[in-house]
Structures are given as C-alpha cells and as structure tokens.
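See structure below.
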Amino acid sequence: MAWTPATALSVSLLLLSGFAQSRVEEENPEFWRSQAQKSLQSVLDRKLNTNVSRNILFFLGDGMGVTTYTAARILRGQLQNQSGEETVMTMDTFPSVGLAKTYSVDFQIPDSAATATAFLCGVKTNLNTIGVSAAARNGICKTQKGNEVTSILKWAKDAGKSVGIVTTTRVQHATPAASYAHSASRKWYSDADVPESAKKDGCTDISSQLLNNTDIDVIMGGGRKYMTPRGTKDPEYPWDFLSRGRRKDGRDLTKEWQSMKVARYVWNKADFDAVDPETTDYLMALFEPGDLRFEVDRDPKVDPSIVEMTEKAVRILRKNPKGFFLLVEGGRIDQAHHDGRAYMALHETIAFDDAIAKGLELTDEHETLTVVMADHSHPITFNGFPFRGQSILGKSPLWGTDFKPYTTLMYGNGPGYKLANGSRPDLRDVDTSTRCHYVQMSAAPTESTTHSGEDVAVLARGPMSHLFQGVHEQNYIAHAMAYAACVGTDLRHCDAPTGVPVVQTTTAHDRNAAGPSGGSAASLGSLLAVLLLLKMLR
C-alpha cells in the first residue's frame, strides 16, 4: 500500500496526539499490578448475600450486545473529556456476570418476542410469539389456546407484590407485552391489527390484555394510539392522522383503566411531575402515540427520561411491604441499531445505564435483586485499530485497500450499504462522530439491520446474585429471579435465613478500577504496531 499525503498527515497527527496525551503512570508496570491487587482484594472480600429478595429490579437493554455495551462505556467517558476506555459504567459495578444463550426454538437468531418470553416466562418459544410455548405458531390463533405461559410479573403479583413496567417503546411492544400478554403474533397491538379469523377463534389484542390479564400497578411508556377508538385525535398531535386512535371496537382503554380502580392516567410531563408517588398506587403514563423519542431528540420539558420514569415507578411500587417487581426496558437501543445509527444506540445505552444507577440509589441491596441483561445483540463490529482515546464514533487510522477510511463501528448488514459506481463512499470529509443521524456502513444491503445470535451478558447484584454466574439458557433467568424472590412454584428459598451481610460490590477504588479517570493514552508500542500494520499493507 502506497502512502498518500492524506494518510501520512493523518498518521502523523495521531502520532503526535498520542505522544502528547500519553500517561506516564500507565507505562509503569507497578500501576497495573497495584490496580489488579486492589481489584482482587475487593473480590476476595465479598460475601454471598443469600437473603430472600423482597424486590426485583429487572433492566432489559433491547439489542444491547457486548459491543454496544463496550462502545457506550467509551462514549460515556469521552463525553466527560476522558479517553473513555477506562470509564466505569454503573453496569460495570455488578459483581455477578454470566452469559445467556439467545436462540429461539425455531431460529438460531431470535427476535424480542421470543427472547422476552424466555427470560420473563421461563420458557423458550418461536419467533414473533408472546407469552406462549413453542407449540403455538406465529400468527395462527388456534395454536395459542392451551399453550399460554405466565411471566414472573404475574408470579410476583400473585405473591402479593406490586408490579410495574417502564419502557422507552410502546407498552404493547414485544418485551413489555411478554410480561402480561399471550399472543400468537407480537404485531396484534390493537384489535385493528388482529385478523378477523383470529378474532373468531377467540384471540384478543395485546392492549386489551394489558388491562385484563394481570393487575399491573405502574405502566409507563408510549402506545396511546392503540388504546383509543379509531379516529380519536391525539392530545399532543391533534392534526397528525397517523397518531390518531386505531381501535375498531370503540373502546377507550385509558378511561377503562381509570374506571377499574382508583388510578391516574397522564400523557404529558407536567401531569407526570404532579403525580405524588406517596399517594398514588396505580399509574398509567403514555407519553407518545407510538414509541418514545430517542434520548438525543427528547425535549426534557415535554417528555420524561427513562431515569425519571424509573424513579417514579420505584417510589410508587416500594410502598408495598411485600415488595415489588419492576421491568425497565431501554427499548430504543434496538431501534437505533435497526436504523444503522450507532450514535443514537450508544446514547440510548448511556441513558439506560443512568436509569440503572437511579434504581440502585432508590433501593437497598440487602433486599433488592437487580438484574441487567440484553435480549439479543446486533451485527455491529468494533474494528480497525483506533488509537487509545480516539472517538468511538470516528474512523480507523487504517484505511481500506481502496484508499478510503472507514468507521470504527460498522454493521454486518443494514441500510448503510452504499456503493457509487462500484465504490463505497469516501468519508474523509464526513463528520461521523457528532452527526446523530449518520448511518454506519454495512457489508450487506438490508432495509433494517437484523439481530445477531451471540450470547448476551447477564449482570446481577443483591440477594442470590451469584445464581446468574456462568453460561445459561435464556429461559433460566426467570427461574433464577423467581427463586431469589420466592415467587412462582419453586418456593424452596422461602425459609432461607435473613440478615446475611450484603455483598460488597463497590468501593472508591472499584469505581475507577478500569484505569485513570481522565486523559488519553497511547503507548509507543501501540503506535509502532499500527505503523507496522500500515507497512504490511503496502
């Protein structure tokens, strides 16, 4: 590979930047030895917390595979003027880590309906089906009857706990729906979406099941248009036809919700902020006709964040002396990936991590099991030998054999596949780091990125968090949570002794265990390695 002036200038600037920003302490072996010894001791000092868990906080990052998790960690640090790699996310402080196999019964790579049924209901199933076993077939109502399976949300409610769902998507979407609905199709959001033949066979839409199946205390997210009669103007977007109500049966489920119990319904942030969690037991908050806005597009004066929704939900639910189960979904991580927009996906992940921090702040680890996981991954890659501290949304210092740069984050397939006269676009003058709508390049053309099938991380802390260590089938998660909280059918843990010391999970050192708190570093060895790679490509 011949050097071009642009290549030489790019590498020279990066070399100078790397040397200027290198940190002397990282060149000292004792820095790493001391850091490792402190981390080791913190692990050795941990004691198992075998209490019965009064509460379960379950955080689900939809599409948040390990690459997304890692890239979001780096971006969080870089947004704080750090190099990023050494940043410690809230998720990083969880002591118990495992992996979950995500395949569905019929596909190597799953969708969110099959995965949600697995980790919430404890049973693996087929693609596109919700709250039913694999004996049910996608879209065929007759196969649904008799094959329904219940979720840990219902098990918790049956045990006397308060329960809730919070999502950044519509509340009828696959993940939250699996906690309360049974449907041969994840797409049957309202009765207008259910085929007439399915209605004749007795199938009902997901929105109606939201009210009828389980007594849910807190419901937050989007999805207003599936709750109101066809043509009903949306209160926020009255002139937008696509935002209007869709129901054919004339039912207004928001009014039915309020008539069923002493309950609040809100659709805007002002009314949401006015809700007093100490005097409210039932709350439905639907902030958009469909899914909520992406975090970077959200108007904080109009729409609450996932952090604010999580806080309100916990404050309402924790009043129950028997405890609670709360599902919090960062659902738009997945949707940003489907669009090929890594910028949006990573910012959604950071907001999701903030919600986890708020959940931990509001609960006691002595009595609250907190689990964080993804349902599936996406075909996003982290590649190209970028320098330490280089923008995670930027470009690799190594160019392709076509003498053009490429981004550090790319997709295996998706809408970012672009060729012009048989050649891919030249990104030299394109700002990929700060453009929230930039679509990453992909290797194969698809309208939307597909999911990917690798295992996903499972993180846990609190009572019985050690149950989540190791590699497990995804449906194991529901059973492990239920065992820890003594809900469902396996009640062997009910008589477990209480008062066991809480697991020691965080210290001042742990929060900075990944390295220095600021600045960028690039060692001479790494710079020489990049130069060697460039030479090999000549």
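Here the Cβ of each residue, glycine as well, is placed from N, Cα and C on the backbone.
Here TrEMBL flags 1-22 as signal peptide.
Within the same chain, residues at least 6 positions away in sequence whose Cβ sits under 8 Å from that of GLU329 (Mg(2+) binding site) are PHE59, LEU60, GLY61, ASP62, ILE165, VAL166, THR167, THR168, THR169, THR175, PRO176. The Mg(2+) binding site annotation in TrEMBL covers ASP62, HIS173, THR175, GLU329.
For ASP334 (Zn(2+) binding site), the count of additional Cβ atoms within 10 Å of its Cβ stands at 31 [all protein chains shown]. As annotated by TrEMBL, Zn(2+) binding site applies to ASP62, ASP334, HIS338, ASP375, HIS376, HIS451.
Per TrEMBL, the feature active site, phosphoserine intermediate maps to SER112. Residues within less than 8 Å, Cβ to Cβ, of SER112 (active site, phosphoserine intermediate) and separated from it by at least 6 positions along the same chain comprise ASP62, HIS173, ALA174, THR175, ARG186, ASP334, ASP375, HIS376.
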Other C-beta atoms that fall within 10 angstroms of the C-beta of HIS451 (Zn(2+) binding site) = 21
Of ASP62, ASP375, which of the binding-site residues has the most Cβ neighbours inside 10 Å?
-> ASP375
Cβ within 8 Å of the mean position of the Cβ atoms of ASP62, HIS173, THR175, GLU329: remaining residues of the chain near Mg(2+) = LEU60, SER112, ALA116, THR167, THR168, THR169, ALA174, PRO176, GLY330, GLY331, ASP334, ASP375
List, in sequence order, the same-chain residues at least six positions removed whose CB sits under 8 Å from that of HIS338 (Zn(2+) binding site)?
-> GLY63, HIS378, GLY414, SER448, THR449
